[in-house]
Amino acid sequence: MPSRKFAEGEVVRGRWPGSSLYYEVEVLSYDSRSQLYTVKYKDGTELELKESDVKPLKSFKQRKGGSTSSSPSRRRGSRSRSRSRSPGRAPKGPRRSASASHQPDVKEKETRREILQVKLTPLVLKPFGNSINVYNGEPEHMEKNDVSRKNKQERVILSPEDSYIATQYSLRPRREEVKVKEIESKEQKLVPKGPAPLETFQVTTPQRKDLEFGGVPGASLIMLGLPACLFLLLLQCRQNDPSLLSFPPPLPALGELWEARVCGIYLLWFFIQALFYLLPIGKVVEGTPLVDGRRLKYRLNGFFAFVLTSAIVGTCLFWGIELCYVYSHFLQFALAATVFSVVLSVYLYARSLKAPRDELSPASSGNVVYDFFIGRELNPRIGAFDLKYFCELRPGLIGWVVVNLVMLLAEMKVQGRGTPSLAMVLVNSFQLLYVVDALWNEEALLTTMDIIHDGFGFMLAFGDLVWVPFTYSLQAFYLVSHPHDLSWPLASVIIALKLCGYVIFRCANSQKNAFRKNPTDPKLAHLKTIHTSTGKSLLVSGWWGFVRHPNYLGDLIMALAWSLPCGFNHLLPYFYVIYFTALLVHREARDEHQCKRKYGLAWEKYCQRVPYRILPYVY
């Protein structure tokens, strides 16, 4: 391993990523494994640079009669600025000095140099060209043209979050932003024809090299294992003795699981929800910026869709339609939803092959199997219909509530009850509150990892359309055949536990959303933050100073409260708690890895301030 060339505290010149300009920096540390130097610019910006991007001061010639550049955000242009006006500014009058009239070539060269410096800064990319951050810490990619060594094409990779930060922390001085159009209109006249020695930028989406979920083998195992796990759970739950001693349950014939009528009912349900999604009700908001600077628009009408669905279900009950048909054909509905999710995943992957590169997901890898699983296209849309956003909340989440109601009616029918059991009422009420909260705060979904990072593939399609409605309702499905008499004192303790988890969950998310929308809100003035080199801040007080992810903690407490009404006779009703704990641990590990690479030293400081691991919110 090569030895380091620069010591800590040494003042050197560091290349600003995305340009060919070097600025005075101080070496803070050196990572021997990644062979990266952590340097600090004079304006306080901290970045990690390769050794090839760091040069000793003596390798640069100092300008005569001009100060050296201190940082990209404080630069005031070339020395020509002291002797001639910017090409974008009109002269004050017709007076011209004799020296100026005798040196037109010198002025033209000076003006051209100024334009070249503007073009060489990381500000050429429009409309978010001032951002040089790389998603998840991936290194920038360089491509050389075949024409000449000078004619380089530099590719800057922007994440949706980094594009947003670019609008807030512009590296271009305001007056240069005003003059940029005039400068670009003149550069064609000033720059000679032929290969222009200017750096141009193309926006693209990076493809991951370090694959998650165990890479291709892990993705393959998940795609095969999740459907099998789902049906084993449902079959086990139907047995008189659902204990582990009777596992595995007897498997039915495949012909018994497939019914065309059930498939038709499921498709009808899906397209009714799609129709509700297209209704022109609810406000329209913009999502986070994409890599090209665009913001997609989303209509927030999930709660209205829930109200309309409730009206339809109530009408069916009034007309005497037998909703228990869903319970008696629950396995058939699960198979129909699984087949539909697979067909949808095939369609999503096929259409992603024609998608532009800048519309691909940052999580995509280029591998067919992995991309089919994780999703290749970030925001697949049919016109204004966003497939991923629709499936996240509508068919599965609202369907979960409908399935729970069906199980409540089935319990009364199977057990000959005049009223549902207290345990069934608690399970329905707890989970209804959770779904209504998600639909009421629908806008918060737009900043989640599912929307801004993961593509739409089998993982989300199966998870949203199959896993959520058919496994999250497992407690209600269990109580239909395995009743449990719950006393009021114990029910009161469970209700208190549920409310405790909900308060933590909702307060943490509300504080996060308020901080994201307006960090300068006087109501949030008491909160402490850690500033990062990306221009973002890590929240280290309030709920987010208690643990790194308090909303996960609230989620886990609520999950336990959902299972407790089922008693302790069998482990099956606690599957959701076990699964959800494993899910959150894995997600926390993903977030920890990405944040450590993205925020570097600031993340280490954050971890020291908040040592308990169940991630800050970054605005």
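Using the three backbone atoms N, Cα and C, a Cβ is placed for every residue, glycine included.
Marked as compositional bias 'Basic residues' by TrEMBL: 73-86.
Confidence for the domain 'Tudor' (4-62), expressed as mean pLDDT, is 82. Marked as domain 'Tudor' by TrEMBL: 4-62.
Feature annotation from TrEMBL assigns region 'Disordered' to 50-112.
Long-range contacts of the transmembrane segment (216-235) within the same chain, counting only residues at least 6 positions beyond its ends with a Cβ under 8 Å from a Cβ of the stretch, are 247-252, 330-331, 334-335, 338, 367, 369-370, 372-374, 458-459, 462, 466-467, 470-471, 474, 477, 572, 575. What TrEMBL records for 216-235 (among others) is transmembrane segment.
What TrEMBL lists as transmembrane segment is 258-279 (among others).
The transmembrane segment feature in TrEMBL is assigned to 300-321 (among others). Within its own chain, the transmembrane segment (300-321) has Cβ neighbours under 8 Å at 272-273, 276-277, 279, 281-285, 393-394, 398, 401-402, 405, 435-436, 438-440, 442-443, counting only residues six or more beyond its boundaries.
Summarising the annotation, TrEMBL assigns transmembrane segment to 327-350 (among others). Here the transmembrane segment (327-350) has Cβ contacts under 8 Å with residues 227, 230-231, 234-235, 252, 257-259, 262-263, 265-267, 270, 371-372, 375-377, 380, 387, 406-407, 409-410, 456-458, 461-462, 465-466, 469-470, 477, 480 of the same chain, all six or more residues outside its ends.
Remote same-chain residues near the transmembrane segment (452-474) are listed as 159-161, 222-223, 226-227, 230, 233-234, 237, 287-288, 330, 333-334, 337-338, 340-342, 344-345, 348-349, 352, 360-364, 371-380, 387-388, 391-392, 395-397, 399-400, 403-404, 407, 431, 446, 572-573, 575-576, 579 (criterion: CB distance under 8 Å, separation of at least six residues from the stretch ends). Marked as transmembrane segment by TrEMBL: 452-474 (among others).
What TrEMBL lists as transmembrane segment is 486-505 (among others).
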Positions on the same chain near the transmembrane segment (258-279), where near means CB under 8 A and six or more residues out: 299, 301, 304-305, 308-309, 312, 329, 332-333, 335-337, 339-340, 385, 390, 394-395, 398-399
Tally of DSSP helical, extended and coil residues in the domain 'Tudor' (4-62): 6 helix, 28 strand, 25 coil
